[in-house]
Amino acid sequence: MTDNIPLQPVRRQKRHDNKHKNGCCPWSRCCGMGDFRPRTVWLGHPEKREQRYPRNVINNQKYNFFTFLPGVLFNQFKYFFNLYFLLLACSQFVNELRLGALYTYWVPLGIVLIITMIREAVEEIRCYLRDKEVNSQIYSKLSTRGTVKVKSSGIQVGDLIIVEKNQRVPADMIFLRTSERNGSCFLRTDQLDGETDWKLRLPVACTQRLPTAADLLQIRSYVYAEEPNIDIHNFIGTFTREDGDPPVNESLSIENTLWASTVIASGTVVGVVIYTGKELRSVMNTSNPKHKVGLFDLEVNCLTKILFGALVVVSLVMVALQHFAGRWYLQIFRFLLLFSNIVPISLRVNLDMGKMVFSWMIRKDSKIPGTVVRASTIPEQLGRISYLLTDKTGTLTQNEMVFRRLHLGTVAYGMDSMDEVQSHVFSPTHDLPASRAPAATKVRKTISSRVHEAVKAIALVHNVTPVYEANGVTDQAEAEQHYEDTCRVYQAASPDEVSLVQWTESVGLTLVGRDQSSMQLRTPSGQILNFTILQMFPFTYESKRMGIIVRDESTGEITFYMKGADVVMAGIVQYNDWLEEECGNMAREGLRVLVVSKKSLTEEQYQDFEARYVQAKLSVHDRSLKVATVIESLEMEMELLCLTGVEDQLQADVRPTLEILRNAGIKVWMLTGDKLETATCTAKNAHLVTRNQDIHIFRPVTTRGEAHLELNAFRRKHDCALVISGDSLEVCLKFYEYEFMELACQCPAVVCCRCAPTQKAQIVRLLQERTGKLTCAVGDGGNDVSMIQEADCGVGVEGKEGKQASLAADFSVTQFKHLGRLLMVHGRNSYKRSAALSQFVIHRSLCISTMQAVFSSVFYFASVPLYQGFLIIGYSTIYTMFPVFSLVLDKDVKSEVAMLYPELYKDLLKGRPLSFKTFLIWVLISIYQGSIIMYGALLLFESEFVHIVAISFTSLILTELLMVALTIQTWHWLMIVAELLSLACYIASLVFLHEFIDVYFITTVSFLWKVTVITLVSCLPLYILKYLRRRFSPPNYSKLTS
């Protein structure tokens, strides 16, 4: 579990229709169905509620006190192999099937279960303590007895809650009052929507006007709220005050809400609670990400199934060789128990512990500081990535905007000519009426007034608010009063917005004040221009534009300003012949382009618009559609003022990182919501597309025929990068999914622009299905969460857009460049080590099973165990556990070499470290060594059976220790300690094993030479083979280390 619980957007919104409301019974809450209905909430009167609402408790635990044990046991034994080992252990209670002491079967199973339970218990306790901390936070509640303290878990729908600055909002509330003089407050929403920028929220006007907060309890008023749903960006409701004269009726939208899990960033607020518990927006958006099972785990499962098959076959062969005599079916069960070591019970535990070590190594790597592993079950997946899908903004780029270009159609100003813009803004000529200006300056005056009008529009059409902070010299109130430049910081919902306002400040027109109804600009001469904000139309991903209607207090003029993406603005502004061409030119330079326009309104036009707008906002049904229709009536024949170009700079070392990934055989796809031209430019700039590669820009297609023609044109290109828009991609996937994916997978690089979040996830899913290869998705924003969760490995970059992507990801990094080391070094090592560890654990089990098979064959196929009691338990624990597990520290090359030669990573993509071939080699080695040790012991023993046990078991332990030494490629001091410690443990334990081993015999020379000979015959040929292979057919990595 992580300290921050990710709030992931659910992929598609599900409407709660009637069939869901009914549930399975009249008490449908017991089913967890919930009865999601609209509600009327009376202010300060929870007792007036119409229905029962859930308690306001956060509960992220999987189990409770009573369900923990049965729950953990069920989750363990629902897997076949764990159930198989349980049945084996239980069979020992049947006398006819018992082979030895009960503890030989129950102790290994018990150890596995105890380790699992401890891990689950630790996670559950952490989760419980986190939940308790949140549920026990104290808040102030307004009641008829005054202000009382209440725990977060005790808050009910209808309560009036006071939330202080920097305090978490405990439930979904409607914003009623604020202590801020400007009548608004800011929210930090990074834990809800992943965006770090503050959001402006407005109180209900009627309640803000009341003299004191206590008056909220004196008025007769209620809030009508829609049914709970997952949409955190929209809300429909109304506020009604019945005892007013006349009664007051106000529409409520997202601007009036305070969602739970957000933090108040300014002032103290009062709100009325409308949703609690599981009906909170944040809780409904917390989807459990799919449980990712690594490809390596699936391969190991496949091998274990083969081993289980071998176990059944060997047991049947043994009974067949007895000619199915007597109660042969009981003999089959006895042989299944006898050879149960063929399927190693310790394999799962070793691999899980290995993964924990790999995750710890990633976290502790000083070369990639701040890296967090949230899914410790799949680190070896990082060693086999074939496709990397990355977001652009904030992932490849810094999401730090720098203003680069102002274009007026006839003239453009770049970074080197900003002083000209400044001179136009400083120039007073734009204020002069045309008749009074000299004729000679007419052209200059026209340009000057156009520049000034453009700069003024950019300074007005935004959602930026200047915030003044005390800086030690000036206090906050004084700074705000005098508009102190040194104390001012800008807050907005987008870094683009801030960069534009900072630019207008740099050329002389400064935004110095703003509240919900007015804005103040300061001219170069120090004059303050006051504007009243009449209406505000915020930016949405659907509309791709934002607008504002302001009244200039000095002239009384009403102006509607709008800015947005060129694709939507082209149809809104008056006809011109330069907009499309210049937008394309600026996008090719990698700039993010916005089109700025304006429209002057008469008082009558505005009053007519306002009446229709207020009416549309009060409607409960289809409100958003009606509101959009009214706004669109204004968005016609607007005057085009200018284009702005903002550059998003590349992150550090993006180019060398992409080159490393390309050399490692990983194909990189860039999926972005940005424009085609900007995306193409960034791809070239980041060297995602190399200089000698052609780029095929897929033309926009809308029909099946067009898609067919364009795919045929693309098919004729070779070694060519593809750039395609989201709309064209959708058409291609609808009609020619297989053909398109086949062509796209052959491309060295693919850029998908104008991609919706769901499209990103769809592309990941198609790559997995069509290629069967592993995918890795990298992103930094809330819109990347679905892609990150869909990929085999999700990597979140902690960026400007908040932590949502990094919280939802399997791995979290602070910079894109860390991805190179994460894959080339840690991914490669984790996979190779896991492969070596799993095969060695299988070898260890097969060795002892082969010896058992030889022993039973010699003694007339008797189902008698060769080793009993502590010997069988000690073999896979204290005698060999530490050396075998020390393989997790092994590495074939140094990390510097792995980074220098990313081609080494390519070898892993074919899955060679763990394949049927390597598995078969280890099986043959196990059969050879097990047979040599057992036959050697049978040939060399003289009198007593107990001597066979002593000779064979000692040879087996030494063989295992020598085989670990043979497998290791780079020695670590802990490996030497593990080898010596295991040997010392075995020698020391011989004193206590007199029940199984003749203590006097093992001190004789006869014992020593027999063990030495058997061990040498079992291991020496393998050492010779390894030497010859390294000499005549060395692997790639050995060429680099020699």
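Yeah, the Cβs are placed from backbone N, Cα and C, and that goes for glycine too.
Here is what TrEMBL records for this protein:
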- Asp391, Thr393, Asp780, Asp784: Mg(2+) binding site (BINDING)
- 11-21: compositional bias 'Basic residues' (COMPBIAS)
- 45-105: domain 'P-type ATPase N-terminal' (DOMAIN)
- 1-21: region 'Disordered' (REGION)
- 65-87: transmembrane segment (TRANSMEM)
- 99-118: transmembrane segment (TRANSMEM)
- 298-322: transmembrane segment (TRANSMEM)
- 328-351: transmembrane segment (TRANSMEM)
- 841-861: transmembrane segment (TRANSMEM)
- 867-889: transmembrane segment (TRANSMEM)
- 919-939: transmembrane segment (TRANSMEM)
- 945-966: transmembrane segment (TRANSMEM)
- 973-993: transmembrane segment (TRANSMEM)
- 999-1025: transmembrane segment (TRANSMEM)
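Proximity of the transmembrane segment (841-861) to the transmembrane segment (973-993) is not established, fewer than 3 Cβ-Cβ distances being under 8 Å for residue pairs spaced 6 or more apart. A sphere of 10 angstroms centred on the C-beta of Asp391 (Mg(2+) binding site) encloses 29 other C-beta atoms. All protein chains shown were included, and the count of other CB atoms within 10 Å of the CB of Asp784 (Mg(2+) binding site) stands at 34. Here the transmembrane segment (298-322) has Cβ contacts under 8 Å with residues 81, 84, 328, 331-332, 335-336, 338-340, 342-344, 347, 351, 838, 842, 846, 849, 853, 856-857, 861, 863, 911, 914, 919 of the same chain, all six or more residues outside its ends.
Listed as Cβ neighbours of the transmembrane segment (328-351) (distance under 8 Å, sequence separation of 6 or more from its ends, same chain) are residues 81, 84-85, 88, 91-92, 96-97, 99, 105, 108-109, 111-112, 115, 297, 300, 304, 307-308, 310-312, 314-316, 318-319, 322, 834, 837-838, 841-842, 844-846, 848-849, 852-853, 856, 863, 865, 872, 876-877, 881, 884-885. Most other Cβ atoms within 10 A: among the binding-site residues Thr393, Asp780, that distinction falls to Asp780. Cβ atoms under 8 Å from those of the transmembrane segment (867-889) belong to residues 100-101, 103-104, 107-108, 111, 341, 344-346, 350, 353-354, 357-358, 833, 836-837, 840-841, 844-845, 848, 949, 953, 956-957, 960-961, 964, 967-968, 972, 974-975, 978-979, 981-982, 985-986, 989, 993, 995-996 of the same chain, restricted to positions at least 6 beyond its ends. Across the domain 'P-type ATPase N-terminal' (45-105), the DSSP tally of helix, strand and coil residues reads 31 helix, 0 strand, 30 coil.
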